[in-house]
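Colleague: Just passing along the structure, written as structure tokens.
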Amino acid sequence: MRDILLGVNVDHIATLRQARGTSYPDPAHAAAVAEHAGADGITIHLREDRRHIQDRDVYVMAKTIQTRMNLEIAVTDEMLDIACEVKPEYVCLVPEKREELTTEGGLDVAGNLAKITAATERLADAGIKVSLFIDADKKQLDAAKETGAPYIEIHTGAYADAENDIEMKAELERIREGVQYAHGLGLIVNAGHGLHYHNVKAIAEMPEIYELNIGHAIIARAAIDGLEKAVRDMKRLMLEARQA
Ligand SMILES: CC(=O)[C@@H](O)[C@H](O)COP(=O)(O)O
Ligand SMILES: NCC(=O)COP(=O)(O)O
């Protein structure tokens, strides 16, 4: 069975920097450390409100990342223009609400099919691999396939935020069914949001999953153990789950 890949999201290195408006810590530096520790890719979310990752970070990391950049953006002309100028290897289209604390639901691809298909085609024409951040919902999975995007990222937030074991097991089953269904459609299936050291294995063991994008939990652990160890520990848990 093939190994599962880890995309490390360094947004919250930038959150620490923005808290004081200093020049440190630099997410570009964190990305280099994460790659040295075994990250297979670096994910950054350039939000419209620039609460953490700044435009400067995107342009700098486009030059410094040695693995590959997965740039998360909302489906707006401003963000699509930046993506087509920077040309990261991957763009993941995500929903955004300015008032949200973090990404809440998945993209409503079914309800915005023409708009998301047009954005997907524009990015693909720029040589970018497109992923759609969606819930494990068959209507959304079918719509994602229809857009022509080769990748999806299943939103694991409801699983991560489950309030009890019954709810967690139900969310896990919903994700498992969605992952299998999407794989059956020929989509390359990633997953992410809210994954941490105690809930990642149940997701990582799903053989159809290509990559997990994990940020907040790794950066939080890095504050205690250091980033290199935080990344290595997460990668080890994922590989143990896949080889079990
Ligand atoms: C799309 C996603 O799940 C992550 O990129 C998440 O958005 C991290 O950024 P925030 O913590 O700012 O939501
Ligand atoms: N798309 C998920 C991601 O990049 C990281 O999300 P999180 O681990 O910070 O919740």
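Yeah, the Cβs are placed from backbone N, Cα and C, and that goes for glycine too.
TrEMBL lists Asn9, Arg20, Gly194, Gly215, His216 with the feature 3-amino-2-oxopropyl phosphate binding site. The 1-deoxy-D-xylulose 5-phosphate binding site annotation in TrEMBL covers Asp11, His12, Arg47, His52, Thr102. Taken from TrEMBL, the feature active site, proton acceptor covers His45, Glu72. The site 'Transition state stabilizer' feature in TrEMBL is assigned to Glu153. Residues or ranges marked as active site, proton donor in TrEMBL: His193.
Tell me what's around each of these sites.
Modeller: Cβ neighbour count for Gly215 (3-amino-2-oxopropyl phosphate binding site) (all protein chains, 10 Å cutoff from its Cβ): 26.
Under the three-state DSSP scheme, Thr102 (1-deoxy-D-xylulose 5-phosphate binding site) falls in the coil class. Counting only same-chain residues at least 6 apart in sequence, those with a Cβ under 8 Å from the Cβ of Thr102 (1-deoxy-D-xylulose 5-phosphate binding site) are Gly157, His193, His216.
Secondary structure at His45 (active site, proton acceptor), as computed by DSSP, is strand. A C-beta separation below 8 Å, combined with a sequence spacing of at least six in one chain, links His45 (active site, proton acceptor) to Asn9, Asp11, His52, Ile53, Glu72, Ile73, Val94, Thr103.
The secondary structure of Glu72 (active site, proton acceptor), as reduced to three states from DSSP, is extended strand. For Glu72 (active site, proton acceptor), the Cβ neighbour count at a 10 Å cut-off comes to 28, with all displayed protein chains included.
In sequence order, Cys92, Ser131, Leu132, Phe133, Ile134, Asn190, Ala191, Gly192, Asn213 make up the list of same-chain residues 6 or more apart from Glu153 (site 'Transition state stabilizer') whose Cβ falls under 8 Å from its Cβ. Glu153 (site 'Transition state stabilizer') falls within a strand segment according to DSSP.
With a 10 A radius on its CB, His193 (active site, proton donor) counts 25 other CB atoms from all the protein chains. In the three-state DSSP assignment, the secondary structure recorded for His193 (active site, proton donor) is coil.
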Colleague: With the Cβ under 6 Å from ligand 1 as the test, give me the qualifying entries from the recorded positions Asp11, Arg20, His45, Thr102, Gly194.
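Modeller: The recorded positions passing the 6 Å Cβ test are Asp11, His45, Thr102.
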Colleague: So which of the binding-site residues Arg20, His52, Gly215 sit close to ligand 2, that is, with a CB under 6 Å from an atom of it?
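Modeller: If the test is a Cβ under 6 Å from any atom of ligand 2, the answer is Gly215.
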Colleague: Excluding near sequence neighbours, so keeping only residues 6 or more apart in the same chain, what lies with its CB under 8 A of Arg47 (1-deoxy-D-xylulose 5-phosphate binding site)?
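Modeller: Non-local contacts for Arg47 (1-deoxy-D-xylulose 5-phosphate binding site): Ile53, Ala74, Glu96.
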Colleague: Compute the centroid of the Cβ atoms of Asp11, His12, Arg47, His52, Thr102, then list the same-chain residues not in that set whose Cβ lies within 8 Å of it, in sequence order, for the 1-deoxy-D-xylulose 5-phosphate site.
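Modeller: The surrounding set, listed in chain order, is Asn9, Ala14, Thr15, His45, Arg51, Ile53, Gly215, His216.
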Colleague: When the Cα of His12 (1-deoxy-D-xylulose 5-phosphate binding site) is compared with the Cα of each of the binding-site residues Arg20, Gly194, Gly215, which one is closest?
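Modeller: Checked the binding-site residues Arg20, Gly194, Gly215; minimum Cα distance to His12 (1-deoxy-D-xylulose 5-phosphate binding site) goes to Gly215.
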Colleague: Tell me which residues of the chain lie with their Cβ under 8 angstroms from that of Gly194 (3-amino-2-oxopropyl phosphate binding site), as long as they are six or more apart in sequence?
Modeller: Thr156, Gly157, Tyr159, Ala160, Asp161, His216, Ala217
